[in-house]
Amino acid sequence: MPGPIAAVLTTVVPVFALVALGFVAVRRGVLDQAAQRGLVLFAFSLAAPALLFSAGVSAAGAGGRAAAAFFAGCFAVYALVFAAARTRLGLGIGPAALTALNAGFGNVVAMGIPLTLAAFGAEALETLLGIVGLHSLALLGVTTVLLEVSARGAASLGALVPVGRAVVTNPIVAALLAALAWRLLGLPPLPGPVKATLELLGQAAAPVALVSLGAGLAAFRLASAWAEVALAAAAKLALMPALVWLAARAIGLTPQETAVTVTAAALPTGSNPVLLAARYGIGVDRAGATVIASTLVSVLTLSGLVAAFR
């Protein structure tokens with residue numbers, strides 16, 4: 001097997017193998033609902049925050065330009081898909097907003113962190129920090145406004161308060177904010193034992209997050225609204241990375257920053273759109289189907305992208 005192909009497979013196959021393991025474990029009854037919840041809580045309340053805080057404290061704060069490129073492409077895709085859903089598919093404001101969210105909201109934590117570490121190394125994680133920190137707040141905030149306009153004819157500040165509170169108190173965002181405060185205050189480096197403990201705990205984040213992702217996918221089913229699912233998945237896996245690549249070139253990101261940022265843009269749809277859809281009672285099945293479809297297709301698209309950047 002040629003060296004470059006072997007290198008890509010060595011990077012990508014373990015990521016998707018752990019996702020598949022979680023999926024099969026649930027379908028075979030190895031993991032019950034309580035075990036799934038335990039995996040999620042451990043990965044996203046303990047291990048991932050430890051990893052991100054440790055990385056964030058020592059970061060040089062260079063992720064701002066990458067975040068700018070990412071969100072330029074992300075919101076361009078959001079606007080285009082929203083317009084297409086309204087004009088071509090004839091959807092109302094609420095369903096169109098959720099279709100746009102499905103196209104823009106990537107799995108930047110559960111899959112993005114492990115893939116970044118595997119493909120580009122621990123030093124590349126710094127580029128991802130700004131994206132992770134703003135991702136939920138920006139996309140869920142905009143979509144909530146549109147859903148409120150659809151439901152009530154106007155958006156109220158009160159509707160955004162729960163979104164903002166949930167994002168800020170999220171352990172991952174809290175860890176990033178704590179790391180930012182640490183750097184801004186000019187505090188000394190973490191003591192050796194503390195840093196070693198956080199890094200040891202953080203090493204569990206990637207595998208546990210991937211298994212929990214696969215376990216979560218087992219709850220979703222493919223829906224019949226294929227036009228909406230196909231639009232969102234195609235925009236997420238193809239259009240968004242292309243636009244983010246153009247933005248990265250325009251901003252002048254380094255090759256590694258570009259690789260990390262574009263790969264983050266090409267990640268499949270995350271599960272938060274399903275939760276927001278459930279809250280408003282709109283398109284839960286289509287959001288879940290987009291998660292499944294985009295994750296399956298991303299096995300090929302992410303493999304090709306990682307190969308292109310290596």
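Glycine residues also receive a Cβ, built from the backbone N, Cα and C atoms like all the rest.
Pulled from TrEMBL:
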- 6-26: transmembrane segment (TRANSMEM)
- 38-60: transmembrane segment (TRANSMEM)
- 66-85: transmembrane segment (TRANSMEM)
- 97-122: transmembrane segment (TRANSMEM)
- 128-147: transmembrane segment (TRANSMEM)
- 159-184: transmembrane segment (TRANSMEM)
- 204-222: transmembrane segment (TRANSMEM)
- 229-248: transmembrane segment (TRANSMEM)
- 287-309: transmembrane segment (TRANSMEM)
Do we see three or more Cβ pairs under 8 Å linking the transmembrane segment (66-85) and the transmembrane segment (229-248), pairs being at least 6 apart in sequence?
yes
Below 8 Å between Cβ atoms, which of the listed ranges 6-26, 97-122, 204-222 makes the most pairs with the transmembrane segment (229-248)?
97-122
Between the transmembrane segment (38-60) and the transmembrane segment (159-184), do 3 or more CB pairs sit under 8 angstroms, pairs being 6 or more residues apart?
yes
May I ask for the residues of the chain that lie six or more residues beyond the transmembrane segment (204-222) and have a Cβ under 8 Å from a Cβ within it?
15, 18-27, 31, 36, 39-40, 42-44, 47-48, 50-51, 107, 109-111, 113-114, 117-118, 229, 271, 274, 285, 288-289, 291-293, 295
